[in-house]
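Novice: Sharing a structure below in structure tokens format, with a few things to ask.
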Amino acid sequence: MEEIEESPPTSEELVPCKICGRSFFPKVLKKHVPICQKTAAKRRKVFDSGRQRAEGTEISTVKPIKPKLQSSSSSSKSDKPEPPKKQSNWRRKHEEFIATIRAAKSINQVIKDGGPLPPPPPPSYDPDYIQCPYCQRRFGENAADRHIKFCKEQASRISNKSKLAGGDKTKPPARTQYKPPAPKKANSPTASSVSSRLPQRSAYGQGAGTGIPSSKPSSTGSIKSTPSGYSPLRNNSSSLTSPPSEGNMKPKGMVSQSSLRNPSTGIGMNKKKIQNADNCISRNDMKNENDFNYSTTGTKFCHECGTKYPVESAKFCCECGVKRMYI
């Protein structure tokens, strides 16, 4: 690359600008003079950050910062009178300070002696502060102007809410001594409706009350007894749609009133059941007369309150808590 030879410095003299006083070359000065005249004619305003921050708020006491000029400062001082200075309350503040010190010393002495504490000194208020007529608090001049407007709006809102609350009906008192309802008993309407569909306890079964389940009722509504040494026949266990009631719990060997009225039908059904039982009963069932072979099929309804079991594996009733019966 070829080296660029530096030109020797020119011997032109610098000419000062008449407006700003800076010195330029004659060629550059021709361009600078019109620009310098425009800038001198248009003075830039001093940026006031306080006024920008106060825009959009309730603060209107921000004063713009004025540029201080030596020529204008002397004339402004002579024209505008100074605002009167506030009288200092140094004597009053001094007396309050001495009173607080004396009160603190007296309290320390009483604590050492073990006597009763004296009452606290009365509160002192600054007379320069302005008291709010709504909340009775005191603020400075600038703060009081902002606070009183806000406090007035808040007080009007609270008064409107109290009027609306007073016009409404009084609320009922809270039930602090609330007790949950007792669980349903056997004599509830649901249990009575379920038990009405089932065969009632016979006269003989009510007197005995042994609690041993007998054979299932037939389609005619009569309950048959089984011979000694045989377990009751249980057919169509899956077709059980209604819960067994206490009326089904009959002692062995007891006959209902309906079967006594119709002896012919009862005898015929007993013969059929005995024949079926001879085919199904094993030798292990013949050992003890009181042994019953219960299967694992559970009832679909609770025998106490008639509520249907929600799950097949439920062992207790979800309504009354009675243990589930198995057939």
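Keep in mind that glycine also has a Cβ here, set from the backbone N, Cα and C atoms.
Under the heading zinc finger, Swiss-Prot lists 13-42, 128-157. The Zn(2+) 1 binding site annotation in Swiss-Prot covers C17, C20, H32, C36 and rests on sequence analysis. Taken from Swiss-Prot, the feature region 'Disordered' applies to 40-96, 108-131, 154-271. Summarising the annotation, Swiss-Prot assigns compositional bias 'Basic and acidic residues' to 46-56. What Swiss-Prot lists as compositional bias 'Low complexity' is 63-76, 211-229. Under the heading compositional bias 'Pro residues', Swiss-Prot lists 116-125. The Zn(2+) 2 binding site annotation in Swiss-Prot covers C132, C135, H147, C151, and the record cites sequence analysis as its basis. Annotation source Swiss-Prot lists compositional bias 'Polar residues' at 187-199, 233-245, 255-267.
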Novice: State the Cα to Cα distance, in Å, between C20 (Zn(2+) 1 binding site) and H147 (Zn(2+) 2 binding site), rounded to an integer.
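Specialist: The Cα atom of C20 (Zn(2+) 1 binding site) is 51 Å away from the Cα atom of H147 (Zn(2+) 2 binding site).
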Novice: Spatially speaking, which of the binding-site residues C132, C135, H147, C151 is closest to H32 (Zn(2+) 1 binding site)? Use C-alpha to C-alpha, please.
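Specialist: Of all the candidates listed, H147 is nearest in space.
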Novice: Given the recorded Zn(2+) 2 site (C132, C135, H147, C151), which additional residues of the same chain have their Cβ within 8 Å of the Cβ centre, ordered by sequence?
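Specialist: Near the Zn(2+) 2 site, the remaining chain residues are P133, Y134, R137, F139, A144, I148, F150, K152.
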Novice: Given the binding-site residues H32, H147, and counting only Cβ atoms in the protein chains shown, which has the most within 10 Å of its Cβ?
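Specialist: Output for this query is H147.
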Novice: I'd like the number of other C-beta atoms within 10 A of the C-beta of C135 (Zn(2+) 2 binding site), please.
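Specialist: I get 12 for this one.
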Novice: Compute the C-alpha separation of C135 (Zn(2+) 2 binding site) from C36 (Zn(2+) 1 binding site), stating it in Å without decimals.
Specialist: 60
Novice: Give the helix, strand or coil assignment DSSP yields for C17 (Zn(2+) 1 binding site).
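Specialist: Once the DSSP labels are grouped into three classes, C17 (Zn(2+) 1 binding site) ends up as coil.
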Novice: What average pLDDT is reported by the model for the zinc finger (128-157)?
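Specialist: Mean pLDDT across the zinc finger (128-157) comes out at 91.
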Novice: Among the binding-site residues C17, C36, C132, which residue has its Cβ surrounded by the fewest other Cβ atoms within 10 Å?
Specialist: C17
Novice: Would you mind splitting the region 'Disordered' (108-131) into helix, strand and coil residue counts from DSSP?
Specialist: 6 helix, 2 strand, 16 coil
Novice: Count the Cβ atoms, other than its own, that fall within 10 Å of the Cβ of C151 (Zn(2+) 2 binding site), considering every protein chain shown.
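Specialist: The answer is 17.
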Novice: Under DSSP, is C151 (Zn(2+) 2 binding site) helix, strand or coil?
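Specialist: DSSP call for C151 (Zn(2+) 2 binding site): helix.
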Novice: Which one is it: of the binding-site residues C132, H147, C151, whose Cα lies the shortest distance from the Cα of C36 (Zn(2+) 1 binding site)?
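Specialist: Of the binding-site residues C132, H147, C151, H147 has its Cα closest to that of C36 (Zn(2+) 1 binding site).
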Novice: What whole-number Å value do you get for the CA-CA distance of C132 (Zn(2+) 2 binding site) and C17 (Zn(2+) 1 binding site)?
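Specialist: Here the two Cα atoms lie 62 Å apart.
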